[in-house]
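Student: The structure is given below, and queries will be raised subsequently.
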């Protein structure tokens, strides 16, 4: 059993090797004509410039937090914190660099048909997928081995948790900053380009087009990568710290019988999932058919096989680790993990049901667009709100199954702890296959960008048809990753919340989480209000950043002669749009981002009971609000696409205009506020956990 | 001290006498020409028909709940429950009847200027105000005296609480049903009349105009009256039941030293507030000036004086009741009550800040309408969400002050209970002057209807100018009542929640409200999801009911020859529109209304800890969502009016169209879902409290 961390580290190295291999394959693929290379390079330059600047801003923040950690917790906590942050940033940077290399190459391959292009786009995404999973797991195992096994330092588990906080910091700012960027550019490009100037999407005349494509990469690729890095790492850390803080473990206790299996179980699942992801990734092949069902099957083959392997292997791992006398039924924790996986899958399907135009809700919104934008907005709001109820039901089913499984696995006296441990490991079920899940998820924006390049490079429409077909596959795949991200966020935050409680108890400060107590109740109230404030701040941030873009695009159309008419030699100043988006979104990122770290620290130093209430209130309300915003936004988006596909009058009709209003309202909902909310919850919880000993 | 309930009952009788007096005054005022009388009668007929049908539906529900109460709690609980329901219904019916008499009379008086018309409208509202406060308090005191003092029956305090549940049931269905009605009619009238047929608001050709005016009365008058009935009664019951369940009182213990002051203190404040309201109501006079500031001062004079008297008298009452040795500092509970009053006032001012066009937020929304409906909607959403943070801060300040005041008043051993008692009585501070507050609030829709009648009866435009001036006063006055309703809902629900905890403890079932416990946490999660589901159901209900109205109005314009052109003899079938609105809204009311009663019962019979979590989760999330919806909706409404006043291009401009979209989105937010949410929270809590002994 002591070999598990080494095995996990080894599998992480394999994953990284695979990322390098895919990188080479992408690099070898032809990137097309000069115009395509130019566009690709512009997008890449813009995206890298954004990430570099973003990391500079975040570095300042991270250094302050690292100093605080070094002073109030332990100097080594600052080290592991910075390691987590640097690795997450590195994974995001590497993955995004390759994603922006893969876009033009996908376009070029699309000239030969979808079965050629699909693997290029997938491999581009796979570099992100395996960078995230590989670096995340490798760094975590290194931190564990170094501080727990080899050096056996004091506060080893606080230090391990700080690694997760590092990843969370990057994720928070990436989601907020990237989310603001992508929507500011999108709104700026659409509003002036499509609506005012009357030119189509991705038209080369529009100065904001490059910024829009950059936005896809910094928001959907880098932001999503950082998000999954922190979710993945957090899901492994949560059960480990739960055990450590519950038992008050020091590093020396870590190899005790009855403890060791609990510590290495999450790592073993991560190992299994990594190997399964690697195998799965090789099964994504183009095939001969160009039929969309066949393509979709090809793309999902990897994920499905990887999950199947993980499920089977989890049962084996559970029997291997939990057959000792200290445990009751070994199958129990396998039930928790698999239950988590199924609930995550069901959450994704629920999101798909409420946001895909194959089902009733989106069709209803599209029908409501017949009576104008107001009814479109209202039916999107109610659709998102109903989906909250369905998702809450699923999460609670997941919590129930995982809790029951955990109880089965433990002897009677530890029933309650076992249940909580079951909840903690349930999140790993969803995220063990992060490597391949992120690969498929990052595929989406690459295919989207490939279409943009085909349009901007004015290639034959048949190329655009192919990239559109690939792009439409991406939309449904995102649902699975989304379900996992949301579901694991709730479960991980819950497990971290319990760890926080145990950590305080270990310091002799019993947390009174009774909501009948006034301090706890006040905390609960503050916690319920915070997600609303966070959503308001991010929505307003998008609005302000978008306004700057709009002004700039208008200025260029006004001041650059012949630009609107598309005259030879009239070249838009895309770089300036990119720079404005970058500056504006980074400036806007600071306040909402800091909120997540500052509020729990301030409340925690005043009263830990109130902090406990705050975390619980923020978790339940934030989860509901995140689901509402994500699904309303997704539903409006697809209602618009449904109309564009020729229903209710099609493009340019009044219902279409109404649907565009819904879509624009939904943009910051689904791409800025909603996704950032999940991380907000976890950052607040993990900050509280890491600083728990300092609060007392 | 034993005389307090008698004094309170006497003051309630005085209030009822005043209502009769004002009724006579209104009746005496001339109602204008035949056309005006016809319109008034139509509105009155429609409103009464709606209320009668609504009460029939609700009666079925109330009988089921009464039978359940009789079986599982006590037969007498069913009696007091039905008494509360009947009195609330009676107050609503009487008040609304007079309000619909006062509208044409206000129009007629407006011919002589605002100083003549203002008192007519105010007196019409005052019949509602003093019916609500008088019947509510009289019934409650009767129930208290009968079951606690005279008969001293078993379970006397459960029976008393059931009286509150009766009022809550009516309030819930009135708010939901009336809210659906008023918005369905409003949207139907606006969308077909103003937008499609291009005829102005309140035009006699529009078949939905009468229904729209009926809607103002059933939603804003009857709905608001039932809401305040339940808030008022609930705020008096909450501290009484808190004391009773905490101490496990039987009726015989009620006159013990140290207990009696706690039981009669809320009644004493109600007595003081009633007398102060009666005095205040006489100070509302027209005066000679027609200046809007002077009019506003005249209208508010009554409320301001009544509150001033209440504040001073509260200090006296506190010294009188709490000077005994069992208590610490008598001023403490006066601080709680006055703190509540100030916080309620500040909540109203906050709502005004975020929703009035005198301040930044609404101006920002109006400015955003320049870039279209999407940005209008987004800035309204973020405005509403920011206002949540501000309101949460205020409520927590109120909780803190009230808790501190309560602690001051009690000896050290009872500090914690004292704090909770302080929170419970803080809500009474806001609602003691319900009589005059509701009078001013009901004034608004009367003035609004008066304008509608002026328009429909095609009177001289100068009359409409006067009614518009009166109407605009109504908009700002509503903010105060809204702040009190919202603030008292949070505080009362919190106090009832604690009573629920004590009630279970009294049955020997200690409630484990530790959110670290999985059952409680699951409950918390369900509770956070419920308000979203409730909001979705009510928004969809408005949408469906509005669609039926739209179809009918379109049909009439199509099938009645000459209607659109306004030809002589082409009379719209208004009655049919009224009937459709009535049927549709009552049908739609059933599911969301039942949710509030059924969910806590089902969860409570399964697991009381989960129910505790559910109530807490619903309270904090529902409060936030209610504020968000109310203030977003109000802000959009006034942004539209601000543009109509000539800013950003004025009426008919593109920004105006965008603002109309925002306003339409906001309609069900602010008039259906938002106000109903506050009652949802209290109904769920009071159902749990009344049935607490049955859950065990």
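In case you wondered, yes, glycine gets a Cβ from its N, Cα and C as well.
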Student: So which range, A:572-591, A:592-611, A:612-631, gets flagged transmembrane segment in TrEMBL?
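Tutor: Going through A:572-591, A:592-611, A:612-631 one by one, TrEMBL gives transmembrane segment for A:612-631.
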Student: Can you identify, from A:213-231, A:232-250, A:365-383, the stretch that TrEMBL calls transmembrane segment?
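Tutor: Of the candidate stretches, TrEMBL labels A:232-250 as transmembrane segment.
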Student: Among A:285-303, A:304-322, A:456-474, indicate the range for which TrEMBL gives the feature transmembrane segment.
Tutor: A:304-322
Student: Do you know which of A:262-284, A:492-514, A:653-675 TrEMBL annotates as transmembrane segment?
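Tutor: Of the candidate stretches, TrEMBL labels A:262-284 as transmembrane segment.
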Student: As a test: from A:125-147, A:262-284, A:304-322, pick the stretch that has the greatest number of Cβ pairs under 8 Å with the transmembrane segment (A:331-348).
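Tutor: Checked against A:125-147, A:262-284, A:304-322; highest Cβ contact count belongs to A:304-322.
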Student: Quickly jot the same-chain residues contacting the transmembrane segment (A:304-322) by Cβ under 8 Å, restricted to those at least six beyond its ends, or write none.
Tutor: 1, 261, 264-265, 268-269, 272-273, 275-277, 279-281, 283, 330-334, 337-338, 341, 409, 429, 432-433, 435-436
Student: Okay, the transmembrane segment (A:679-695) and the transmembrane segment (A:55-76): do they have at least three CB pairs under 8 Å, pairs separated by 6 or more?
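Tutor: Yes, since the transmembrane segment (A:55-76) and the transmembrane segment (A:679-695) share at least 3 Cβ pairs closer than 8 Å, they count as touching.
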Student: Where, among A:232-250, A:262-284, A:679-695, do we find the most CB pairs under 8 A to the transmembrane segment (A:612-631)?
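Tutor: Stretch with the highest Cβ contact count: A:679-695.
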Student: Which listed stretch (A:125-147, A:232-250, A:262-284, A:385-406) has the most C-beta pairs under 8 A with the transmembrane segment (A:418-440)?
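Tutor: Selected stretch: A:262-284, with the most Cβ pairs under 8 Å.
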Student: Near the transmembrane segment (A:232-250), which same-chain residues lie under 8 Å Cβ to Cβ, leaving out any that are not at least 6 residues past its ends?
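Tutor: Hits for the transmembrane segment (A:232-250): 84, 132-133, 136-137, 139-140, 144, 152, 154, 156-157, 160-161, 163-164, 167-168, 259, 262-263, 265-267, 270, 417, 420-421, 424-425, 427-428, 430-431, 434, 488, 491-492, 495-496, 498-500, 502-503, 506, 682, 686, 689.
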